[in-house]
């Protein structure tokens, strides 16, 4: 579970656990957490940007359950309710005195699912950050401008991609919203006025990765949304 906090100048408090509770509630309802079909690195960049997730089919669930999840997944943690507030939510209060009955119903439901023989879903492997046996990855055949688009993102893949791009004087590489820059140790003609014009108002995918693209994106966002970048 990844928290969504966007207030970079604030510290975490217990309300980040409330976000986790909402995500867990969705997983209990849908069988999978939101974005489980994506590579973890790609999900990492989507969570702060996407609107709060909801159940896949909210109409199958009670209004109280949907509202409870909605309360848990308020992005601004200063507006998100505390645990004490949630204990007063009608979805929680309606269980008081019914614990034994609910436990029995859950046990019966689990037994039923085991009898049906639900197929276990394959999930993505975790992102590797330690050296290990070399794996054949997309890096062996393709080169990409954005490493977050790779199916496997481990240390070997990152190293191979950066080395290959560096050998071709491509010193900039994206990893989602992050721009990696590798010092070429020689002068490169990639900071000319002509290069500047290439990146003004252009889509990020229209040109190779460049610091000019990051600068223009920040400027355009500042103008469009009137917020600091």
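Placement of Cβ uses the backbone N, Cα and C atoms for every residue, glycine included.
The domain 'Protein kinase' annotation in TrEMBL covers 1-92.
Sequence annotations record features per position, and here TrEMBL assigns domain 'Myosin motor' to 142-229. In the predicted model, the domain 'Myosin motor' (142-229) has a mean pLDDT of 89.
With DSSP classes pooled into helix, strand and coil, the tally for the domain 'Protein kinase' (1-92) is 43 helix, 0 strand, 49 coil. In the domain 'Myosin motor' (142-229), the DSSP tally of helix, strand and coil residues is 41 helix, 9 strand, 38 coil.
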